[in-house]
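Peer 1: Below: one structure in structure tokens.
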């Protein structure tokens, strides 16, 4: 925890903090403006049960404490982690912010995680499967946690990220938890360039998804490519949809039926002729 960050005596949980944060950062930029601080602290203190009679005084004190401890950037942006550590315990802080510290580089990495924890291949992550994910996450970061706390944090994560409140997480919910980087394919415009440029772009695209460097896309590499490709035309796809699109792609591209997509097979699917 930042040494300049001294938590207040009264604490929120991660779900409570997230609920307030979203009011001010609705489009999830990851920061709020300095001019919003008073209103933000007012919401926090209201949630913590502060008496109206001392509200303004406490908001002022809290703002002074915060401004003394933090060097607000010239653009007036205040990051979520700067405020979270004032109101959350260390574990709750970690739960909310670990995704900002370790964002995923590619959809292939994301799909490896999705396939591992969607153990029953239902196309959703259940609370029990999310609990397994969090257990591994805490172990990976060398943080000890009891089973009781783990269950509590699983409930917190479901509260924060289960958008439609159906008791399970879909592909998009997990992508939000893991702070997946921007779709790799967005940088390419395959319909607006020459054949040579398309070939060059194809080489870059294939190299990006062929993480294992085998010359063929398989398993989560196919998943990652399908996810990014479909999200170019359909911004939000479910795990069930992804499996359908994956099956269609393999049916069309996997000429030798080995369950993989060779480089030459994908080129053929995209109408390109490449050197062997």
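Cβ coordinates come from backbone N, Cα and C, glycine included.
Residues annotated as Ca(2+) 1 binding site in Swiss-Prot, with sequence analysis given as evidence: 71, 73, 75, 77, 82. The Ca(2+) 2 binding site annotation in Swiss-Prot covers 118, 120, 122, 129, and the record cites sequence analysis as its basis. Taken from Swiss-Prot, the feature Ca(2+) 3 binding site covers 162, 164, 166, 168, 173, and the record attributes it to sequence analysis. Feature annotation from Swiss-Prot assigns Ca(2+) 4 binding site to 210, 212, 214, 221; the stated evidence is sequence analysis. Annotation comment: Swiss-Prot describes 254, 256, 258, 260, 265 as Ca(2+) 5 binding site. Positions annotated as domain 'EF-hand 1' by Swiss-Prot: 12-47. Per Swiss-Prot, the feature domain 'EF-hand 2' maps to 58-93; the stated evidence is sequence analysis. For 105-140, the entry in Swiss-Prot reads domain 'EF-hand 3', with the evidence type sequence analysis. According to Swiss-Prot, the feature domain 'EF-hand 4' maps to 149-184, an assignment based on sequence analysis. The domain 'EF-hand 5' feature in Swiss-Prot is assigned to 197-232. As annotated by Swiss-Prot, domain 'EF-hand 6' applies to 240-276, with the evidence given as sequence analysis.
Quick one: where do these features end up spatially?
Peer 2: DSSP classifies residue 77 (Ca(2+) 1 binding site) as strand under the three-state reduction. Listed in sequence order, 31, 32, 33, 34 are the same-chain residues at least 6 apart in sequence whose CB falls under 8 Å from the CB of residue 77 (Ca(2+) 1 binding site).
Around residue 118 (Ca(2+) 2 binding site), a 10 Å sphere centred on its CB holds 21 further CB atoms from the protein chains shown. In the three-state DSSP classification, residue 118 (Ca(2+) 2 binding site) falls within coil.
For residue 166 (Ca(2+) 3 binding site), no same-chain residue that is 6 or more apart in sequence has a Cβ closer than 8 Å to its Cβ.
According to DSSP, residue 212 (Ca(2+) 4 binding site) is assigned to coil rather than to any helix or strand.
Taking the Cβ of residue 256 (Ca(2+) 5 binding site) as reference, residues of its chain lying under 8 Å away and at least six apart in sequence are, in sequence order, 262, 265.
Beyond its flanks by at least six residues, the domain 'EF-hand 1' (12-47) meets 55, 58-59, 62-63, 66, 72, 76-80, 83-84, 87-88, 92-93, 95-96, 100, 153, 156, 159-160 of its own chain at Cβ-Cβ distances under 8 Å.
Tertiary proximity for the domain 'EF-hand 3' (105-140) is limited to same-chain residues at least six positions away from its ends with a CB under 8 Å from its CB atoms, namely 98, 150-151, 153-155, 157-158, 167-171, 173-175, 178, 180-181, 183-184, 208-209, 211, 219-221, 223-225, 227-228, 238-240, 242-243.
With a threshold of 8 Å between CB atoms, the same-chain residues lying at least 6 positions outside the domain 'EF-hand 4' (149-184) that come near it are 13-15, 18, 91-92, 95-96, 99-100, 103-107, 110, 113-114, 123-127, 130-131, 134-135, 138, 205, 208, 227-228, 231-232, 236-239, 242.
Within the chain carrying the domain 'EF-hand 5' (197-232), a Cβ under 8 angstroms from the stretch's Cβ atoms is held by residues 106-112, 114-115, 171, 183-186, 188, 190, 241-242, 245-246, 249-250, 259-263, 266-267, 270, 272, 274, all 6 or more beyond its ends.
Here the domain 'EF-hand 6' (240-276) returns a mean pLDDT of 88 for the predicted model.
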Peer 1: Which residues, same chain and not among 210, 212, 214, 221, have a CB within 8 angstroms of the centroid of the CB atoms at the recorded Ca(2+) 4 site?
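Peer 2: Nearby residues not in the site list: 209, 211, 213, 215, 216, 217, 218.
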Peer 1: Of the binding-site residues 82, 162, 168, which one sits closest to residue 118 (Ca(2+) 2 binding site) when you measure Cα to Cα?
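Peer 2: So, of the listed binding-site residues, the one sitting closest to residue 118 (Ca(2+) 2 binding site) is 168.
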Peer 1: Name the one residue among 82, 168, 210, 254 whose Cα is closest in three-dimensional space to that of residue 122 (Ca(2+) 2 binding site); these are the binding-site residues.
Peer 2: 168
